[in-house]
Amino acid sequence: MEKFSNIAQLKDSGLKVTGPRLKILDLFEKHAEEHLSAEDVYRILLEEGVEIGVATIYRVLTQFEQAGILQRHHFETGKAVYELDKGDHHDHIVCVKCGEVTEFHNPEIEALQDKIAEENGYRIVDHALYMYGVCSDCQAKGKR
């Protein structure tokens, strides 16, 4: 996404345009397929020669989550990771050995969840599905 789009996205979300917010949003655009922790954001920015304090990073990540720019997940590692909210629903499979995260969408799983909710008198408004296993790379390395 271009800087102009990022500025518009921040303004549309009701957030003031600041240097740290632009840098962090740009970083998530560059790493759109990854799930990044606050520590990852800090490290990547430092590698790029950008110095933003860890407290500021946490604050911006929270603001972005509240504004619907980022989604927060808590995988097995215990620390929060964030990804751009692309507007599409997907679920996650997480490797318990190396932490690799694979995103997927399965219409059959979605339909089954809706059916279970309906059978129990619910209407699903949101959900998150995390599956944990051992990825093929770790299986090949014998990390069962």
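Placement of Cβ uses the backbone N, Cα and C atoms for every residue, glycine included.
Under the heading region 'DNA-binding', Swiss-Prot lists 1-86, citing similarity to another entry as support. Within the region 'DNA-binding' (1-86), the DSSP-based counts of helix, strand and coil residues read 45 helix, 11 strand, 30 coil.
In the three-state DSSP scheme, C95 (Zn(2+) binding site) falls into the strand class. The feature Zn(2+) binding site is assigned by Swiss-Prot to H35, E83, H92, C95, C98, E103.
Under DSSP, residues within the region 'Dimerization' (87-144) fall into helix, strand and coil as 18 helix, 13 strand, 27 coil. Sequence annotations record features per position, and here Swiss-Prot assigns region 'Dimerization' to 87-144.
Residues near D91 (Fe cation binding site) in space but far in sequence (CB under 8 A, at least 6 apart, same chain), listed by position: E103, F104, H105, N106, I109, A128, L129, Y130, M131. According to Swiss-Prot, the feature Fe cation binding site maps to H89, D91, E110, H127, an assignment based on similarity to another entry.
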Most Cβ neighbours inside 10 Å, all chains, among the binding-site residues H35, H89, H92, H127: H35
